[in-house]
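Following: one structure in structure tokens, then a few remarks.
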């Protein structure tokens, strides 16, 4: 998968992806590591709306991932429906060293389904895998929850960058694959180049066939 800078040619697709999960699980550092290869060990909770973009190439098509951070709103249980609007992918993040953040996953998943399409491609992310001596949630527990909910799964470390790019790429690739299958199966569009559908506009995938995004898949750290 190739990456591009913001100055390169306009993208074929724009996918909105949201980061959700309890405060201080490392969402902002995951985004910083993926988008800018940076890490802030003493970072405070995000304040204000923030999103970053990253371009990548999949099968010769240029994809721009527009990745949104909750901007600290989760501390006040005030993540709004506008945050989720138009999202086609999500990273649902917990901290492997804080079991309570794992227990909150069900609430975040319900909120995601309430405010967005049920078919949003979602990966469950156990962050801070570098904190091995402080681990409170086992890899097996994370995998089991992901399998039960039909989610992808991966453990990451924003500190040492383990699996960070892979987690985002998993979501983007699955969104693209699903969109490509929909284009190929459409009688009206089967002779067109899939890139002609979006050409730089946000992609919102129709919600027919609710199980289509639920391609349970697991990757451990």
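Note that Cβ sites are derived from N, Cα and C of the backbone, with glycine treated the same way.
Under the heading GTP binding site, Swiss-Prot lists 21-28, 69-73, 127-130, 157-158. Marked as S-geranylgeranyl cysteine by Swiss-Prot: 218, 219. As annotated by Swiss-Prot, motif 'Effector region' applies to 43-51, with the evidence given as similarity to another entry.
Structural mapping of features recorded in Swiss-Prot.
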residue: 21; record: GTP binding site; DSSP (3 states): coil
residue: 27; record: GTP binding site; DSSP (3 states): helix
residue: 70; record: GTP binding site; DSSP (3 states): coil
residue: 129; record: GTP binding site; DSSP (3 states): coil
residue: 158; record: GTP binding site; DSSP (3 states): coil
What's the most sparsely packed of the binding-site residues 24, 158, counting other C-beta atoms within 10 A? 24
Mean predicted confidence [pLDDT] for the motif 'Effector region' (43-51): 62
Comparing local Cβ density (other Cβ atoms within 10 Å) for the binding-site residues 27, 70, 129 points to 27
Around residue 21 (GTP binding site), how many other CB atoms lie within 10 A of its CB? 25
